[in-house]
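Data first, discussion second: the structure below is written as C-alpha cells.
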Amino acid sequence: MTELTNLTVAEIRDGHRAGDFSAVEVAEAFNANVAGAKALNAFIVETPEHAIAAAKAADADRAAGTLKPLSGVPIGMKDLFATNGVQTTAASHMLEGFVPRYESTVSAKLWDAGCGMLGKLNLDQFAMGSSNETSYFGNVISPWKRKDGGNAALAPGGSSGGSSSAIAARLCPAATGTDTGGSIRQPAAFTGISGIKPTYGRCSRWGIVAFASSLDQAGPMARDVKDCAIMLENMAGFDPKDATSLDLPVPNWEAALSSDLKGKTVGIPKEYRLEGIDPDIDAMWDAGIAMLKDAGADVVEISLPHTKYALPAYYIIAPAEASSNLARYDGVRYGLRDLPQGAGLQDMYAATRADGFGPEVKRRIMIGTYVLSAGFYDAYYTQAQKVRTLIARDFEQAFGMCDVILAPTAPSAAFGLGEKMADPLAMYLNDVFAVPASLAGLPAMSVPAALNREGLPLGLQIIGKAFDEQGVLNAGLAIEERAGFTARAEKWW
Amino acid sequence: MAIDQATVRKIASLARIAISDAEAAAMEGELNGILGWVEQLGEVDVTGVEPMTAVIPNTLRLRDDVVDADPLTGGGRRDDVLANAPAPQHGFFGVPKVIE
C-alpha cells in the first residue's frame, strides 16, 4: 500500500469510504509527520488529539453508514482562523495566548464535513508578508532546496507559508489559506502545490482575523486541482454573519471538473510580460499556453492597461483597511496588555501596540494611518480606489474576449530567507502578478507547472470571471494533466 | 511629498504606537520609500471614474429585528466575551484609571 501521507484528499476520502484503511491510521500517520518536521516550523500549535478524535468519529460514522463528505481527512488550519478552544494568534505577539470561544465559519464547515485538525499553521504576522519571515513565532522553512550544492533555507512564500510548506512536505494533505494580495497563490507556486482564491464573498470572513476586509478571502491549498475543488466545496457558502458573503448556492465543482477546453478562449495579458524577468518564468508561461491550446482552447492576446498601477493601489488600500481593522488591538478586550508603571489609558494603548505588533505590521498601520489622515485622504486613498475601479474595468473588458486569463503566479521562484527582508518594496514586488485579481475580487488559482534551472517549482496562474471558479479549476486541471508535475522536495528535515 | 520625523511621530501618535527616536528615524526612510513609489498613481487619469466601493456587486442585507437571532453573535455571553480580556473586573473590561 502507498504510504498514507502520500495520498491526496480524494484518495483518503475514497479509500476510507472503501475500507482500505481506517481514519485513525491516516491521522496517526500525519500526526507522526507533523511531529517529525519541527525544522520546518510550519505549525504554531499542533493538535494531534483533534485529528484523532475526528478520525475516531469518521471510523464510527463509516461503521454506522453515516459518512460525511470529508470523513477521515485530516487538514492543517492557517492560524488566522478562530478555532474554539485552540490558540489563535495570526502569528503575532499581540494575540499570543488568545483562545477563541467560538469557531470561524470556514473551519466550522470543515469540521462539520468530517475533517480533523492537525494543527494551526504558521503565517506572516496578521497575514502581512510574502515570505513568512514576519511571524512572531519564527520563519517557516520551505522543504525545497536549490540544486546548486548549497544549503540555503528558502522562503515557502507568504502569507500562507505554513500551509504551503506543510502540504509540500506531506505533513497534511490540504490546508486552509487566505489571500489578500496573493497569499494563497504565491506560496503555492513557491512550493509546487495548488491553491485557489475564490471570488470575493464565496467563503465567509466571519472568524478570520481581519487584515484588509475588501480583499481578504479564504481558499484551499492542496496537492492538486481536484483536491482544491473538493476542499472549496466544503469551505464556501452563504453566511449571514458576513455582510459581504455571497448569497449563492455552492456549485458541485468536483463533479463538473473537465480538462476539455474546446470552445474556450484563454487571454494572455501583454502587460504581464515584464522586461528583465527570469527567462525560466517566460518559458514556463509559453509552455502553459501550448498546454491550453493542446486542451482545445483558443488563445488570444489581451490588454490589462492599468496593471502597473495595481501594486501601488494595493499598498494604499490594504494598509488603509489594516490600520482600521487593527485598531481593535487595544490591550483592553483581548490579547496583549502592556501597562507601564503609572501609565494612563493612552500610554497603555501605545505601549501595548508597540510591543504586540512586529515591524511590518507597524509599517503598514503607519502607511494606512497616513493615507487616511485629514488632508491626504483624497490624494492617496480616493485616488487608489478610483484606480481600483479602472483595474476591475480592465478585467471586465478583457473577459469580453476570453473566458480565463493565463499568467505566471509570481515573477520568480522561491528566494532565500533574508534575501528580501532589508527592502520592503522589493518584497512587495513579488506579488505583482497576484494583486490585480485580488483588487478585482476575481477567482484565481496557482498550479505547479515546471521546475526552474535551480530545481525549484514555478506556478502558473489562472484568473477567471467572477463566480466562475469552475472555469479556473478546469483550466488548472488541463495544465496539471499536461505539465505532469511530480517533483517533490527531498526530505532533509 | 516627503514626510519628516515629526510627521512620523505624528502618525505614530494617531495610530497609538509608541516609537523611539531611533525607530522614527528608521521609519522616515522606509515610509518615504513606499510613499514615493505609490505616488505614481497620481499619473493615472481618473476623470469621471467613481472610487470602488464594492468589488463584487452585492446588496447589504438587513437581518430580522430579533434579539439574539444568532446565538453566536447575540447577547448573554458575558463570560465568553471576557474570557480573553487581560484584566477583567467585576464582569467588565478593566482599564487604568482615567479620571484625574
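For all residues, glycine too, the Cβ spot is worked out from N, Cα and C.
Lifted from TrEMBL, the feature list:
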{"type": "ACT_SITE", "residues": "A:K78", "note": "active site, charge relay system"}
{"type": "ACT_SITE", "residues": "A:S159", "note": "active site, charge relay system"}
{"type": "ACT_SITE", "residues": "A:S183", "note": "active site, acyl-ester intermediate"}
{"type": "DOMAIN", "residues": "A:26-473", "note": "domain 'Amidase'"}
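Positions of the features from TrEMBL, shown on the structure.
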residue	record	Cβ neighbours (10 Å)
A:K78	active site, charge relay system	32
A:S159	active site, charge relay system	35
A:S183	active site, acyl-ester intermediate	37
Three-state secondary structure, which DSSP defines for A:S159 (active site, charge relay system): coil
Cα separation, A:S159 (active site, charge relay system) to A:K78 (active site, charge relay system) (Å, whole number): 10
Integer Cα-Cα distance in angstrom, A:S159 (active site, charge relay system) to A:S183 (active site, acyl-ester intermediate): 5
Rounded mean pLDDT for the residues that make up the domain 'Amidase' (A:26-473): 97
